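**Q** What TrEMBL records for A:9-30, A:104-125, A:137-161, A:181-200, A:238-260, A:289-310 is transmembrane segment. Taken from TrEMBL, the feature domain 'ABC transmembrane type-1' covers A:98-307.
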Amino acid sequence: MHKYILRRAAFGVLTVFGVSIIIFVVMRLLPGDLLAVMYGEGATKLTEADRAKIMQELHLSDPLYQQYFRWMRDLATGKLGASFFRGDNVADLILRRGPLSAEIGLLAVVISWMVGLPIGMISALKPNSVLDNSARVMSILFLAIPGFWLGMLIVLALLFWFNYKAPLTVVHIWEDPWANFQLVIGPAAVLGLGQAAYIARMARSSLLEVIREDYVRTARAKGLLERFVIVRHALPNALLPVITLSGILMGFVLGGSVAIEQAFGVPGLGRAMITAVIERDIIIVQNLVFLYALIFVIVNILVDLSYAWFDPRIHYQ
Amino acid sequence: MKTHSDTVAEDALRPMTPEVRGVGRLFRSVRLFARRNPLSAFWGCVAVLILSMALFAPIIAPADPLKANFRRMAKPPDMESYFGTDQIGRDNLSRVIYGSRVSLIVAIAAVLLGTTTGSLWGLASGYIGGTFDVVSQRIIEFLQSFPDLILAMAISMALGTGQGTVIIAIAITRIPFGGRIVRAVALSLKEMAYVEAARAIGASSFRIMALHILPQCVAPYLILATTHLGVAIIIEAALGFLGVGIPPPTPTWGNMLAGSLTSLIPHWWLVFFPGLAITVTVLAFNLFGDGIRDTLDPRLRGTR
C-alpha cells in the first residue's frame with residue numbers, strides 16, 4: 001500500500017508540473033501589449049524608457065524560463081504576487097474568498113451523495129418503478145440544463161414570490177453561520193442535485209451488477225436479512241465505480257461553481273476569477289487556474305487511493 | 001402470434017445495410033433508425049428544426065435582433081413580441097433565434113476541430129507507440145487535469161475575445177476525449193492480422209494508418225462528436241454568460257443571460273427563454289446522439 005501511495009503521489013507531482021507549464025504557456029501567448037492592458041489609454045503616452053522600466057519591475061522582460069522559475073519559487077514559498085490593478089495580494093484573495101467556494105464544493109458533494117445514493121439504491125432494488133423512471137428522466141434533464149441558468153431561475157423565483165435575497169457580502173461560517181448558510185446553500189444545492197442524478201444512475205447500474213454475483217446469493221442463502229445483504233455485502237463493492245465517478249464529477253463542481261457563483265452573486269473564488277479574466281489580470285488568473293487544477297489533481301489522487309483501500313486487489317498489481 | 005417486442009427484436013437483428021442503393025437506402029436506414037429508437041428519432045427531428053432555425057434565422061425572426069425600440073423597452077411577452085423585449089427594446093424572440101446561429105456554429109466547429117485533432121493524435125499515438133505514445137498520453141493527462149470551463153476561460157482570455165477564439169478554447173478541452181478513445185481502438189487494431197499483412201507486404205506506417213486503421217475509427221469518432229456537441233453548447237453559453245465568450249451586440253444565448261443581469265431585478269422573460277433554448281438544444285443533441293451511439297456500437301447500449 002505504501003508503495004502504491006508513493007507511486008501515485010509521484011505521478012501527481014508530475015501532473016502538477018505539466019499543468020503549471022500548460023498554464024504558463026497559455027498565459028504568455030496573450031497577444032497584444034501587456035502594458036496597454038494594465039494602463040489602458042495611458043499606455044500610449046509612456047516613453048520607451050518608462051515601458052522598459054515597468055516591464056523590468058514586473059519581471060516581464062526576463063527570459064521566459066526565468067519567469068517560469070520565479071513563479072514556481074513564489075508558489076513554493078506561498079508569495080503569490082499581487083494583482084496588476086489593485087495591488088491585491090493573491091494569497092490574501094484566496095484566503096478571503098476561498099473558504100466560501102470550498103464550502104460550496106464540499107456541501108455539493110455531500111448533497112450529491114445523500115440524495116443520489118439512496119435514490120440509486122432504491123432504483124436498483126425496484127427497477128422500472130416510478131422512482132427509477134423519474135430518476136432516469138432527471139439524469140437526462142440535468143445533463144441538459146445549464147446549472148447557472150437554473151441558479152438564475154431560483155434567485156428570480158425567490159425574489160418574485162418571497163421577496164427574498166441572499167446576502168451579497170463575504171460572510172464566513174465562523175462570523176455568522178446563518179448568513180453564511182444562506183449564501184452557500186443555493187449554489188451547493190444546484191451543483192449537488194445536478195451530480196446526484198449521475199451518482200444515482202451509476203449507483204443503480206453498479207448495484208444491479210453486484211447483486212447478481214454469487215457471494216450475494218450466498219449471503220441470502222445463509223438467511224441474512226435483506227437489509228444486511230444489501231448494505232454490508234453488496235454496497236461496498238457497488239460503491240467503487242460511484243467513487244470514481246464522484247472524482248470525475250469534481251471537474252464539473254470546480255468549473256461549474258464559477259458560473260454558478262456568478263448566477264447567485266456569491267462573492268467566492270469563482271467570482272474573483274471571472275473579474276480577473278475580464279480585466280486580463282494574468283497574475284491572478286494564472287494562480288487561480290493553477291489552484292483549481294491542483295485541487296482537481298489532488299481529488300483524483302484521493303479517489304485512486306480510496307479505491308485501493310476499498311479494493312485491495314488494485315495495489316497488488 | 002407475434003408480439004410487439006418480437007418485431008422489435010427482429011428489427012434489431014436485421015442488418016443495417018439492405019441491398020437498396022442511393023436515396024432509397026438512406027431512406028430505409030432513417031426509417032429503421034426511427035423504428036429502433038423512436039425517442040431519439042423524435043429528438044433528432046427537433047435538432048434538425050433547431051438547425052434550420054439557425055440557418056433561416058433572417059426569414060423566421062419577426063424583427064431585427066439588433067434594432068432597439070425605445071418605445072417598447074423591457075416589455076413582458078405579449079402579442080406584439082412573443083418573448084418580450086429587452087432593456088433597450090430589442091425583440092427577445094428574434095434574439096433567441098439569432099442566438100442559435102452562434103451557439104451552433106461555435107459548438108459544431110469546436111467539436112469537429114477538437115475531436116478530429118484528438119482522434120488523429122490518438123490514432124498516431126496508439127499506432128506509433130513508444131516514446132511518442134508515452135509523451136502524448138502525459139500531455140493529454142495534463143490537459144484533462146483542468147476543469148473544462150476553467151481551461152476554456154483561460155484560453156479564451158489569452159487569445160482575446162471573438163468567435164474563433166471561443167471555438168479554439170472549447171476545441172482544446174475536447175482533445176483528450178478523442179485522444180484517449182481512438183488510441184484504444186488503434187492499439188487493438190494494430191495487432192489484427194490484416195494490419196500485420198499490410199505491414200508484411202511493405203506498406204508504410206502512414207499508409208496503414210490512413211487506409212487500414214482510420215476507417216475503423218469512424219464509428220467511435222462519430223459517437224464522440226455527437227455526445228460532445230451538448231457539452232460544447234453548454235460551455236459556449238457559460239463563457240458568454242461569464243463575459244469571456246462572443247461579446248455583445250451579437251446575440252448569443254450566453255451573453256443574453258449575462259445581459260439580463262444588468263437590471264437590478266432581472267426580467268424573467270430575459271432569463272427564461274435563452275436558457276430554455278439552451279436546454280432544449282442540448283437535450284435534442286444528447287438524445288439524438290444516444291440513438292446514434294446505440295446504432296453504431298450496440299455494445300455500448302445502456303451504458304448511460
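Cβ atoms are placed via backbone N, Cα and C, with glycine included.
Heads up, TrEMBL stuff is auto-annotated, nobody curated it.
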**Q** Do the transmembrane segment (A:238-260) and the transmembrane segment (A:104-125) share at least 3 Cβ pairs closer than 8 Å, excluding pairs fewer than 6 residues apart in sequence?
**A** yes
**Q** Mind checking which residues reach the transmembrane segment (A:137-161)? Cβ under 8 Å, same chain, six or more beyond either end.
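**A** Long-range Cβ neighbours of the transmembrane segment (A:137-161): 186-187, 190-191, 193-194, 197-198, 200-201, 256, 259-260, 262-265.
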**Q** Below 8 Å between Cβ atoms, which of the listed ranges A:9-30, A:104-125, A:181-200 makes the most pairs with the transmembrane segment (A:289-310)?
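**A** Between the stretches A:9-30, A:104-125, A:181-200, A:9-30 has the largest tally.
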**Q** Grab the same-chain neighbours of the transmembrane segment (A:181-200) for me: Cβ-Cβ under 8 Å, and only residues 6 or more beyond its ends, written as numbers and ranges.
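**A** Counting only partners 6 or more residues beyond its ends, the transmembrane segment (A:181-200) has Cβ contacts under 8 Å with 100, 103-105, 107-113, 115-117, 119-120, 123, 135, 138-139, 141-143, 145, 147, 150-151, 154-155, 166-167, 171, 173, 242, 245-246, 249, 252-253, 256-257, 260-261, 263-264, 266, 268.
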